[in-house]
Amino acid sequence: MTSGARSRESRLLIPRSVRRNWDLYLLIFPVVLYFVLLKYLPMYGIQLAFKDFSAVKGFWDSSWVGFKHFDRFFNNYQFWTLIRNTLGISFYQILVAFPLPIIFALLINEVQSQRFRKSVQSITFMPHFLSTVVLVGIVMAFLSPSTGLVNNIIVRLGGDPIYFMTEPSLFKSIYVFSDVWQNMGFASVLYVAVLAGVDKSLYEAAMIDGATKLQRLLHIAIPALIPTAIIMLIFQFGSIMDIGFEKIYLMQNDLNRSASSVISTYVYEIGLLGSQFSFSTAVGLFNSLINFILIIAVNQIAKRVSGTSLW
Amino acid sequence: MNHLGHKSAGDRIYDIVIYTILTLIMLGTLYPLIYIVSASLSNPWAIVKGELWLLPKDISLDAYRKVFQNPDIWTGYRNSILYLVVGTTINVVMTTMGAYALSRRDLVGRHVLVLLFTFTLLFNGGLIPTFLIYKNVLGLYNNLWVMVIPSAVSVWNLIVMRTYFQTSIPYELQEAAFIDGCSNIRTLTRIVLPLSMPIIAVMTMYYAVAHWNAYFMALIYLNDDWRMPLQMVIRNLLIQQDMGGLVGGQGESLVEQLLLTEGVKYAVIVVSSLPMLLLYPLVQKHFVKGVMMGAIKG
């Protein structure tokens, strides 16, 4: 085949619109390459969950062992502790940190003074920009039994200092409420934006009908937020098992471990520190699958119940 | 009967309640931040004895002196700035390229691509497979590029930016450019980008903050102290309370060192957070817009 014939053939195979826009494909190419190499290629490694990884044999040639690692995990004495802690922190987080930004946004929406509104928003945004390391550093400094501000106040009021960071029963609360302090303002922006988009004539009509502010809140503002809130809730459920490694790992210490061991920190410990690659891959995969199923299930439920869904 | 503009007694109480709650929330957010700044500027004795409540007591710059004398902090700062600048540049360029291509309705297969990209939000390889592939196949272990390449594109930002291109840049403008013989890339750089500065500001801010605050990749993939970003350095100081190298030396007694540690903790927090807190007011109004654009899509 001559080169002329080949190029004529390729011209036939590739549609004219594609050839004309060749540089558009050049633009997207690095992005596709990124996803293939850095996101999809690692999925190839998931097979380790069903193999006994041997560094000598590599990914492909290590021998298959079926569900051995999953069995081991389900029968592990830590299994239920890990599940309980992971779900416990997640549900606590959803219960507290999900509704608060909505309520906060509704309050902001009631403020007429633009200046007051702006200052509330700018100030409550600020902690969002602190890093997780700094946030946990602040929490530890403030809760320190000997020199921390909180215990200082407790002692002044006649109480005994509380060892916050080493007390397992307080771990979840510290985790959730420090998150509320850091992120409530930022999380509310979305809802404030939605409320700002509500048709003003609805409010005017309600005022003419003599509705009180509280009635307007209940019958106009809250219904307007529901679709957005549902979407955010689906996202939250989708990451229930993914409860942030970064912050928990930093807050963790030997004394609070019974409350702070979650699946992600466990995978890190046995996988990276303990080099049990196959076993930890299985644990991680179990975690991802639950997440995946949860987000699909919650999405379906939301679709059924409210007509709002991600897809 | 209520008239517009006139408030009933109930409405007035309602207003008072709302303003009070919001003011309390503002103070609750602000107080810890002020306390940290004050503590970093105070004589540590005041902190230890619990005499510090709001404003600095016996102003002293010792804590900052100690922080800035520490070579690890400087190394961390330098590294973090490097990762931030290189990383954010890659982020913004890649996101713009991808988002523009995806915004074009004549890009064949764009729905498949978006699906392919968003799937990675729902499911991923997991920590260990990712680690092994990055290390053994891509050679990213203890490699500086691990700080910027794995986070090169955020799906979320890609979609937000695509939506911006589709909704805020009139397509007729681009068509006019094509008729004048502009290539796609030229249209992007000459027509689309000059109109996209708000979204680029938002993206820059999002990515920059993420880079500055990141510690996870460094924890997992980096080995050498001289490559560590600031977050890893301050993790050792704040969380693992490994302050010996920072407050020691120079003939202070153990008690003095312990005291200094108190002030240094707060100074470290201020020094490491200041750059992002200063950057934030500059792009604040864009920031809100960015979240809203995400909302359109969400």
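Backbone N, Cα and C define each Cβ position, glycine as well.
Taken verbatim from TrEMBL:
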TRANSMEM  B:16-37  transmembrane segment
DOMAIN    B:77-283  domain 'ABC transmembrane type-1'
TRANSMEM  B:81-102  transmembrane segment
TRANSMEM  B:114-134  transmembrane segment
TRANSMEM  B:140-160  transmembrane segment
TRANSMEM  B:199-222  transmembrane segment
TRANSMEM  B:263-283  transmembrane segment
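Between the transmembrane segment (B:199-222) and the transmembrane segment (B:81-102), the number of CB pairs under 8 angstroms, six or more residues apart, is three or more, so the stretches are in contact.
Contact between the transmembrane segment (B:16-37) and the transmembrane segment (B:114-134) is not supported, since fewer than 3 Cβ pairs fall under 8 Å when only residues 6 or more apart in sequence are counted. Residues of the same chain lying 6 or more positions beyond the ends of the transmembrane segment (B:140-160) and with a Cβ under 8 Å from any Cβ of it are 83, 86-87, 90-91, 94-95, 98-99, 102, 114, 117-118, 120-121, 134, 199, 202-203, 206-207, 210-211, 214, 217-218, 221-224, 227, 229, 290, 293-294, 297. With a threshold of 8 Å between CB atoms, the same-chain residues lying at least 6 positions outside the transmembrane segment (B:114-134) that come near it are 102, 140-141, 146, 150, 155-156, 158-159, 220-221.
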